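Here's the structure, in structure tokens; my notes come after.
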């Protein structure tokens, strides 16, 4: 199985980089993990709705260019489905049963995701109604991916 994270924006904080690196190292025994960071578009302080839409579209097109036809795409969006960790673990494992060997997770930038990215996604997923920095969301997501594998292994990590 190959897992790809397509994210908008450069990760700057060392503590987040260190946490993500640790979980990526742990995941190596289960799957190949690839992190793709796309440059975010500069957003003016008082951007108009039209400017925001144009920025979303540019970022969305960059994201779509990194998604292959045969990947199962899970886009993180506030309106998406919420899952307990056990259900998320089962969902990840079920994708292989349905003929997908690659799962791509998408995390948008500060403006969210362009509608075409949401449309391309096989699943919209949410970690709740809270607003989190998209950089922090990377760490939360990769930990949950690791937890999903630990649940499948019957590991006490999940307790």
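Keep in mind that glycine also has a Cβ here, set from the backbone N, Cα and C atoms.
The S-adenosyl-L-methionine binding site feature in Swiss-Prot is assigned to 76, 108, 127, 128, 129, 130, 131, 132. Within the same chain, residues at least six positions away from residue 129 (S-adenosyl-L-methionine binding site) with a Cβ under 8 Å of its Cβ are 78.
Look at the Cβ of each of the binding-site residues 76, 130 and count the other Cβ atoms within 10 Å; the largest number goes with 76. For residue 128 (S-adenosyl-L-methionine binding site), other Cβ atoms within 10 Å of its Cβ number 8. In the three-state DSSP scheme, residue 127 (S-adenosyl-L-methionine binding site) is classed as coil. The Cβ of residue 108 (S-adenosyl-L-methionine binding site) lies under 8 Å from the Cβ of 8, 59, 63, 75, 76, 77, 114, 117, 134, each of which sits 6+ residues away along the same chain.
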